[in-house]
Structure formats: C-alpha cells, structure tokens
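> Annotation source TrEMBL lists compositional bias 'Gly residues' at 143-152. Under the heading compositional bias 'Pro residues', TrEMBL lists 154-164. If you look up TrEMBL, you'll see 132-164 marked as region 'Disordered'. The transmembrane segment annotation in TrEMBL covers 53-73, 85-103, 109-127.
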C-alpha cells in the first residue's frame, strides 16, 4: 500500500517546510531591522519583530501538521478530529500558496506547493475507508447482514405477485 510511505514523505516535507518558512521569515526580519527606512510610516523594528513572530507561528503550524502526518505514518491509522482538520487546513494553505507563488517565485515553487498539496490530499483520501467498511455482503459471514432486516436490506419487502 502507498499509505504509509505517503505519510512518511509528507511528514518530512512538512518538517522541512516548517524550518524553511521560519528561517526565511527570520532572515527577512533581520534584513528589515538593518534598514533605516519605513513603509507607510511603520516602524522598521515593528515590521522586523512581526516578521519573526509570523515565521515562528507559521513554522510551528507546519511542524504540528508534520507531527500529525508522522503519527499517521507510525500508527497506520486515519487521522481523526483535530488531526484531520489540521491536514485539511494545510491542504488549503498549500493550494492558496501555490496559486500565489506562480508570479513572484516562478513555476518551481508552484510545483512544490502543488506536490505538497497532492501528498496531503492523497493521505486524506487513502485513509478514507476502513477495511471493515469496504467488505461487501459476499465477504460477510452467513446471516450477518445480507438477509431481511439486516443492514443493507430494503426498508419494505419486495412486492409479491398478485395474479389469480
């Protein structure tokens, strides 16, 4: 199956992305701090600190999503609750970042974002069904659900012929 390798690769990608985003924003904060100009009257120190804080917060967010993917890979179970919500939100973030990065950063960054988005969606979709749910009535034990009154049976019995 591809589920566990996809989860491992996604965890590595998200951890690398967390480090990269935090380092890039920290570097941009240092660059802004060393300049003596303001943007629309804003204090350069405030912009520097906000860039560093934003990088740390976004890096921690990606690291938390990477931790969820790592737990999915180790446990080989579908993410549930908050973990599933985090993975869905990181898919949306990658879709938005992919749409925005084409112009300023070029097609390479776009392809990276779309690749990460594909990994997240693949992780969410491959764990969508549980093995016990995918078993059909032919695989079920005799009398375990295919008969009348069992799960999957029609609500009303079939009509019987009324010919004289």
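Cβ coordinates come from backbone N, Cα and C, glycine included.
Predicted automatically and left uncurated, TrEMBL annotations should be read as such.
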> In the same chain, which residue numbers or ranges, 6 or more beyond the ends of the transmembrane segment (53-73), come under 8 angstroms Cβ to Cβ?
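For the transmembrane segment (53-73), the sequence-distant neighbours (Cβ-Cβ under 8 Å, at least 6 residues beyond its ends) are 4, 7-8, 10-15, 17-19, 21-26, 28-29, 79, 83, 86-87, 89-90, 123, 127.
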> For the transmembrane segment (85-103), give me same-chain residues lying six or more residues beyond its boundaries with a C-beta closer than 8 angstroms to one of its C-beta atoms, as numbers and ranges.
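14, 61-62, 64-65, 68-69, 79, 109-110, 113-114, 116-117, 120-121, 123-124.
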